[in-house]
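Trainee: Pasting a structure below so you can have a look.
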């Protein structure tokens, strides 16, 4: 305790020499400074083994399965090459500003996403809702990894099992190895039904054992997928078992290996006949689509989920950085790499699909494309089965790449949940939290291994993740940009990094980014249609359950807001609300010395005045202040 007083006194002498006007503040706030020092000195936090591990971990987190299967299909549906233009504009106006904001907040506070909202305690429910959505996403993401492991094992067969028909699939099955779309189209109107490729039947009948609907329930788990799910969680837990240092070391492989495989696959794709037509088909601009609001909506949603912003994971990763680390360059690199990877993956996928169209005499490549998981588990395996040389090798490479991409993203999501628990219960060993996360994730994930699992996965993805994240993202932008204040955030950046924040960042944070996200929300609500899976509607009871899942996530915001207000010391509701909007006394850097310096700066900048400004004055203050 004496040494703490000595350090504080030395600090006060230095500051009083440099800034005489700070003397009164020091005198009035001795007790506050000491209490902050005491509370902070007891807190320690892991750091990355090397600073570059943060960069690789963020790349592994952001560059995931969505880049490989979602972006190519979304781009094709929304203008092909012309889609790249709104995608890049959205990157500059939404993706990069929000990414930078979250990284700055995490590094500045050195806390997980829950405690990071000590900046605006009233809005702490945003972080709880984000962790809830991230936890749900972790469970079904592991199931997608399980599917990838199943295909990876199947790729080791002497003959790829999806390349030929099995007797139980009936006469409408057409072997992928001899698949001919002309033949298929001639039989579309037969009394028997529509012919289906062996690759699609293998995915739906053998892997998923999928039901036509879930009116009679989702069925019991498939034992082979259960084992693959168990393997996926064992991999995740092994990487997480020693905390951020072990996952940081793994990030080297998780971030670099997919690009090695992509390079090999791109070289192979370019040597296939018809591949160039596929790439041109993918990149050919359809300029009239730029005036279609659906295109801009698709670009915003794709960017939002591709970069993994507003899920709490970036705040968590940045919280392990050194306080003075200049993350500006890292943010530019990560966001650029993510976008370029999406375009690169599109060229690979459509190069191979172009070859598939060539082999089957199909003039329109769209006829051989299936969106979402179908692109990875149906269209691509179809194309690989037609490779004349070593199709098994390319199948192994592709599914190994998907597995690594899935691991990288899931590590980040699972770490986010673990960090929140660790921040609250610091005495719990990390291995116990990682093991507990794995056990719970595996048990919950069993529902996705049932014959009706894809129906549930589709439901959870939309109501439990995407729709929740969209609401909470807007709330987060309002909380940081307007309740905490862009001006205050920029002063925090200057304190931490010594950098002045440019007008571009200020305008995006204050107006453009929250405005565009709000328009996306309005557009999605206006155009809302009841969710279905492959054209099949869900039972009413399932819809009610889905809305309950959504309400639990979004409901965290009002619940914690009311709880925080009730805990304030003010006499009237207005006083309590005002206190709940102000940062807590210990908000700031985790290190005691830095926190003391920051508390002095908070007083000298008179941060709290922004709460009493008019909206017009606050806009000017946030952008130009």
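Quick reminder: no glycine exception, Cβ is built from N, Cα and C everywhere.
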Trainee: According to TrEMBL, transmembrane segment applies to one of these ranges: 126-153, 154-181. Which one is it?
Mentor: 126-153
Trainee: Of 195-219, 295-319, 570-594, which span is tagged transmembrane segment by TrEMBL?
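Mentor: Of the candidate stretches, TrEMBL labels 295-319 as transmembrane segment.
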Trainee: Using Cα coordinates, what distance in whole Å links residue 306 (Na(+) binding site) and residue 165 (disulfide bond)?
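Mentor: The Cα atom of residue 306 (Na(+) binding site) is 36 Å away from the Cα atom of residue 165 (disulfide bond).
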Trainee: Taking only the Cα atoms, work out how far residue 63 (Na(+) binding site) lies from residue 165 (disulfide bond), in Å, as a whole number.
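Mentor: Distance (Cα to Cα, whole Å): 35 Å.
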Trainee: Report, as numbers and ranges, which residues of the same chain sit near the transmembrane segment (223-241): CB under 8 Å and 6 or more residues beyond its ends.
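Mentor: Residues 142-143, 145-147, 149-150, 153, 207, 247, 250, 406-407, 410-411, 414-415, 418, 430-431, 434-435, 437-438, 441-442, 445-446, 448-449, 453 contact the transmembrane segment (223-241) from elsewhere in the chain.
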Trainee: C-alpha of residue 409 (Na(+) binding site) to C-alpha of residue 165 (disulfide bond): distance in Å?
Mentor: 34
Trainee: Same chain, outside the transmembrane segment (428-448) by at least 6, Cβ under 8 Å from its Cβ: which residues?
Mentor: 138-140, 142-143, 146, 218, 221, 226, 229-230, 233-234, 236-237, 240-243, 414, 417-418, 421-422, 454, 456-457
Trainee: Cα of residue 173 (disulfide bond) to Cα of residue 405 (Na(+) binding site): how many Å, rounded?
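Mentor: Residue 173 (disulfide bond) and residue 405 (Na(+) binding site) have their Cα atoms 32 Å apart.
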Trainee: Sequence-remote contacts (6 or more beyond its ends) of the transmembrane segment (295-319), Cβ cut-off under 8 Å?
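Mentor: For the transmembrane segment (295-319), the list is 45, 54, 57-58, 61-62, 64, 66-67, 70-71, 74, 77-79, 82-83, 86-87, 89-91, 94-95, 98-99, 102-107, 109-113, 116, 127, 130-131, 133-134, 137, 289, 327, 335, 338-339, 342, 409, 412-413, 415-416, 419-420, 466, 469-470, 472-473, 476, 516-517, 520, 523-524.
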Trainee: Hey, which bits of the same chain come close to the transmembrane segment (253-283), Cβ under 8 Å, at least six residues off its ends?
Mentor: 56-57, 59-60, 63, 72, 75-76, 80-81, 84, 341, 344-359, 365, 394, 397-398, 400-401, 404-405, 407-408, 411
